[in-house]
Structures are given as structure tokens and as C-alpha cells.
Amino acid sequence: MGVAADLSHVASRAEVTGYEGPDKLEDCLKDSQVVVIPAGVPRKPGMTRDDLFNTNAGIVADLTSAFATACHKAMLCIVTNPVNSTVPIAAEVLKRRGVYDPRRLFGVTTLDIVRANTFVAEAKGLDVNKVSVPVIGGHSGVTIIPVISQAVPGVSFKTADREAITRRIQNAGTEVVEAKAGAGSATLSMAFAAERFVVSVLSAIDGKRAVIECAFVESTVTEAPYFSTPILLGRDGVEENLGLGSLLDYEAKLLQSAMPELLANIDKGVKFAKERY
Ligand SMILES: NC(=O)C1=CN([C@@H]2O[C@H](COP(=O)(O)OP(=O)(O)OC[C@H]3O[C@@H](n4cnc5c(N)ncnc54)[C@H](O)[C@@H]3O)[C@@H](O)[C@H]2O)C=CC1
Ligand SMILES: O=C([O-])CC(=O)C(=O)O
């Protein structure tokens, strides 16, 4: 199994020793197979994920640039918010450096799936480890689209309950930010979710078959150039985009409502990267 270079670890060490710029970072990244970027500022109560853009966009762009120099054949997994914008930023940086491979760039949305599984399992008295609910779209507010109709095992809800659980999944990050009252966001559950995603990516690199995770990737499934759907992972990253599957009317409406915000978030990221590089 290859080295999973964790940039926040590098960043923490850099804080202790005095950060000496991308050269050292590039040394740390050499030979990595999977790189995770969780670096950046978290939300405080009252903020949206998009409010983090001004600080985190540049951080992700700089770290992606170091990735491009050191290990562009690795898988790049972006955790830093706003994911709907930071993934397009990373893609533009990699394009500019001539090393973009859309199969190897992922926005980590696994926490939305972890939450959907948890809330559905709780509501139905099921074992959370045996519940699987796809969540598609993006990773903020209305762009988070739980597809409860595709849950395994199948579950049914009254309309009001289904709407309440959908809202809770969409707002779960905000719920944590408010509960932490200025002390950050869902750091530990994000670590749990990112670990799950990275283990899946590494298992697929190692040749395991039928590894499927939802992730925010370059996509032609909808009009949005980046979109999260279930992805079949392989040795080279995205092996097959499994698409939307069939949506019920209310899920199709959620998708419709998500699109303006998602497209605006993506566009903002692309513009930022194009202006900066
Ligand atoms: N995709 C997802 O599901 C989730 C994403 N997040 C996002 O992850 C990011 C980090 O959140 P937390 O770990 O809770 O925050 P945190 O404050 O606990 O950790 C952030 C880390 O980033 C590092 N950092 C800050 N500025 C940096 C820079 N200029 N260069 C390199 N490293 C830098 C800090 O040293 C620290 O180690 C936030 O943007 C947050 O919104 C958080 C939870 C879930
Ligand atoms: O909500 C936040 O700021 C952090 C995050 O992305 C989540 O918990 O899903």
C-alpha cells in the first residue's frame, strides 16, 4: 500500500518548524499515491461554506500546485470547503500545469453519505453498517441531494418525514457548526468519512473490484461540469461514473433546485483559478 500523504499533518509540522514554502512540501509529497487536502479554515456560526472561499481558494490552489510538481499521478482528494468550488480550482490548476487527469481528482462528500446512512438507520431502527443511501450533487446546503429512494435496504417514509430527514442531511454540517459555537466544524466526523473514502481509493488501487463511493468529480451526468454520483473506483481512479439512477419526482425537484447554486459555485472556482494562474 502506498503512502497517503496528509497535507494537514505537513501543515501542522510546518507551523512548529516555520513553514518554508512549497519546496519542502513537494519533498514530503514525492511518491505519494493518494493526497488528501483538508487544509484551510472551518466555518463559524452564521457562515456558509461559500464564505470560506476567500481564504481557502488560495490555499487549495497553492497545495494543488505543489501536488502537480511532486506527484501528479497520485489521486487528489479535496476535503477543504467550499468543495463545490475548491475541486474546480484544483482542476484548473492541474490543467494549467498540463497534468490534469479527471479520473484522479475527487471532492470528498462521504460525510453526507455517512449522515444519510445514520439518520435513515436511526429512523428505521436499522443497523447503520448495513444501510447505504447515495447522496448526489454537491457539498453545501441545497446542493446536497440525498436519494432516499435508492437506499439499500429499501425504506419508505411519509412525505413530511422524508422532507425532514432530507433537510437534516442538508443542514447537518451547519447543525454541527452551530453546536460547536465558534470552535470549528465537524472535524472528527470528517476524519472518519475521509478515512473511509481514502481506504476505498487505496483498495481500488490495490486491485479490489466493485469499490463504489459517491464523490464530486468532473461529470457529464448533468449540466454541471462537476457533480457527485456513485463512482466505480479502479486502479486509475474513476473507472465508471454510475450516474443518477432513477429519481423520484421529489428527488428530481431537489436536483433542479440545486443546479443554480452548484453552477455558480463551480463557476466561481473556475474564474478564481483562471485569474490567478
Ligand atoms: N468535505 C467535508 O465533508 C468537510 C470539510 N470540512 C472542511 O475542512 C477544512 C478543515 O476543517 P477542520 O479540519 O475542521 O479545521 P481545523 O482548523 O481543525 O484544521 C485546519 C488545518 O488547516 C491548516 N491550515 C490552515 N491554513 C493553512 C495554509 N495556509 N496552508 C496549509 N495548511 C493550513 C491548519 O494548520 C490546520 O491544521 C475546512 O475548510 C472545513 O470546512 C470540514 C468538515 C467536513
Ligand atoms: O459544514 C461545514 O462547514 C463542514 C462540512 O462541510 C460538513 O460538516 O459537512
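Residue positions begin at 1 at the first shown residue.
Here the Cβ of each residue, glycine as well, is placed from N, Cα and C on the backbone.
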Self-check item: Additional site residue, Asn56, Asn171 [criterion: listed by TrEMBL with Val79, Thr80, Asn81, Met190 for NAD(+)]
Solution: Asn56
Quiz item: Fewest other CB within 10 angstroms, which one of the recorded positions Arg43, Arg115, His139?
Solution: Arg43
Self-check item: binding-site residues compared (Val79, Met190) - the one with the fewest other Cβ atoms within 10 Å
Solution: Met190
Self-check item: Among Asn56, Thr80, Asn81 [binding-site residues], residue with fewest other Cβ within 10 Å
Solution: Asn56
